[in-house]
Amino acid sequence: MKASIYSAKSSTIPFFRDASFVLLLNKFDLFREKILYSQRHLRLYFPDYKGPDKDVDRGALFIQHKFVLRNKDSRKVLYPHFTTATDTANVQVVFQSIMEMVISENLGQVTLL
């Protein structure tokens, strides 16, 4: 995950210059288990993490914030979603949200919204 955070350089590719992004942070169930039950805490991988060792929500928001900080262009919107691909209800909610975002952005570009 740390490599993903630091290698996000999509803004250098012309096709993505004006694009917003959907960030799917998958396997949230495994993340939760690691945070709650292992002795390998986030601070071992991210020394700047100052939250409690077994706080899943604070840990998840910390990871999300790492990606948000990589977005240097305030015109681009990052839509983060914590997902568990085997949870079909969660996946449906995420994809519904993505469809609404795509429709909204497209309507905004043609000034209908």
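Glycine residues also receive a Cβ, built from the backbone N, Cα and C atoms like all the rest.
Any TrEMBL annotation is an automated prediction that lacks curation.
Going by TrEMBL, these are the annotated features:
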- N26, K27, F28, D29, A85: GTP binding site (BINDING)
DSSP-derived structure type at F28 (GTP binding site), helix or strand or else coil: helix
Going by C-beta under 8 A and a gap of 6 or more residues, the same-chain neighbours of A85 (GTP binding site) are N26, K27, V91
Would you measure the largest Cα separation among N26, K27, F28, D29, A85 for the GTP site and round it to whole Å? 9
Please report the number of other Cβ atoms within 10 Å of the Cβ of K27 (GTP binding site). 16
